[in-house]
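*Asks:* What TrEMBL records for 15-53, 258-296, 297-335, 336-374, 375-413, 414-449, 508-547, 548-586 is repeat 'HEAT'.
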Amino acid sequence: MNSGGGGGGPDDVVAVAALIDELKSEDVRLRLNSISRLSTIAAALGPERTRNELVPFLVDMNDDDDECLMAVAEHIPSLVTSVGGDEFVHALLLPLESLSTVEETVVRQKAVEGLVKVGERCDRASAMEHFCPLVKRLATGEWFTARVSACGLFACALEKVSSNGNGGEEEKKMIAQLRSLFGQLCDDETPMVRRAAATNLGKVAEASVEDKQFINDEVLNWFGKLTADEQDSVRLLAVDDCVSLSKLVSEEERLKSIVPVALKFSSDTSWRVRYAVAQQIYELCEIIGADFAREDLFPAYENLLEDAEAEVRIAAAAKVSKFCALAGPERSRENIIPRVRELAKDASQHVRAALASVVMESAPTLGKEETVNQLLPIFLVLLKDEFPDVRLNVIGKLDQVNEVIGVDTLSKELLPAIKDLAEDRHWRVRLAIIEYIPILATQTGESSFLFSKEASTSDSENNSAEDVLNSLCLRWLADPVSSIRQAAGQNLQNLTALFGSAWAKEHVIPKLESLLQTEKNYLVRVTVASTLGMLAEKVDEGDITGTLFPIAKAAAADSVANVRFNIAKSLEKMAKSVSAGSAIRTEILEVLDGLKADADVDVQFYASEARNAF
């Protein structure tokens, strides 16, 4: 391939020539740069020269770097327009065919993806002449790499030549040949090929969905061979075929050919196969229906919940709520919930974390009474788990608990546990609780849960409302973790929006004023200064005038510059929240003018920014 351009100005010709030279460079980076601009080169060469020069060059490109080969495979499908459109799209098949036989797996996968994209652009005649012969060559290749790649192309080839039984003899002959070759690959001597065949069996069946006899006779026969394979890596891939094939066959064939396989797999000697079953068994139950699943598949799932391998229990635990909904309240109460109770005490933290994510989703199925009696104790055990991931997953589902058990039970059973988590040693748990507090407040419909004396840590204590508030919300303002302090301010803003300006004036603002006056840690004062601005956006103008602004004005003289420039930011929010031309806005702007003359440049900057907003 010479570097003569097919058009454009002299500068374009030189640039394209440089890119072509880079394709031959020994420097990997230069080759990658040129490969990424193949479409530019092709556009400059024109369709005819791209087909006659660039494509053959890519076919013969013996690059020893896998990254370059993968880049070529990725960019070739983008050259469809450059070779002349769909009429000449088959020209791109040869370089991709070459790449689909290399040893590196990721390159082959990318090449197969490209071949499918190009194959989909072929019309039936082009597919018969070019794409299907390519698939046949790969399927009969000497090296297993070619046969592995071929498995991913059969579905596309069959879709292209299939015509719902209306094709000519040539098409029917080609379909028969392709199916025969795929059947051979299902029984190939190399496990990697059989794995690829198992992965694509469902797609091949879907491509021939109109031919029920082929699916019942041939596909299910191949399926049976793959499910009996000696390699567990093949059998576990065949598990996915249980679901995809169930959607294509009759109810009779499902119960005869697929359900028995799923049951056999659920007790397979390989934990990886049982793990795959645990992931897919719910979908299979959905397809065949609860009535048929109740006799065989439900017991199989219940056994998976007690599997000896933790990974299997994790996958099974993640389906608990879905199975409860499918099984109904009675079977759930008798067969599933007792096993769930044991999983809540499982030795593996990952099992408990998976369970914590879904267990309360079963509440609507069981109803309020059974939820309180059966699920809530499990939930509370998980809420106090020693591992933070378990507690975090529980907290993420607290809203589902509230919707079922009601406010009275919530206040009695759940709030004490939430209060303990508010002081959890892991900051992510504390952050999750902070974010949950406004949701909880919304569902209770009243703010008293934050301040009631019943929230005391023991019966002997007689904490005041203010003490309890400190223990839950205001204490987070002084947390050692910055993200917690910021979330605490946002939390107070959300609660103010929910409970109103009068609530904030009585319970929050006096505490903020006290912290600004007495707290020695400047980081806490910075957080409070920022929180004043957040509250200003939610309280009445009268409360800004009477409480927030006087507090901010006093804090504008704080000894630490970080506090002062955060006050400047909050003053800007206060000014925007009051009426234009009002006396209070004038006073706010005067304080900002004073901060503009501050000795610290950062304070000057933020004060000027705030002042310039008006």
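Placement of Cβ uses the backbone N, Cα and C atoms for every residue, glycine included.
Nobody curates TrEMBL annotations by hand; they come from automatic prediction.
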*Asks:* Can you tell me how the residues of the repeat 'HEAT' (336-374) break down into helix, strand and coil by DSSP?
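*Replies:* Taking the repeat 'HEAT' (336-374) as a whole: 34 helix, 0 strand, 5 coil.
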*Asks:* List, by number or range, the same-chain residues at least 6 past the repeat 'HEAT' (548-586) whose CB is under 8 A from its CB atoms?
*Replies:* 509, 512-513, 516-517, 522, 525-526, 528-530, 532-537, 539, 541, 592, 594-595, 598, 600, 602-603, 605-607, 609-610, 613-614
*Asks:* Mind checking how the repeat 'HEAT' (297-335) divides into helix, strand and coil residues in DSSP?
*Replies:* 31 helix, 0 strand, 8 coil
*Asks:* Please average pLDDT over the repeat 'HEAT' (508-547) for the predicted structure.
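*Replies:* Across the residues of the repeat 'HEAT' (508-547) the model's pLDDT averages 88 on the 0 to 100 scale.
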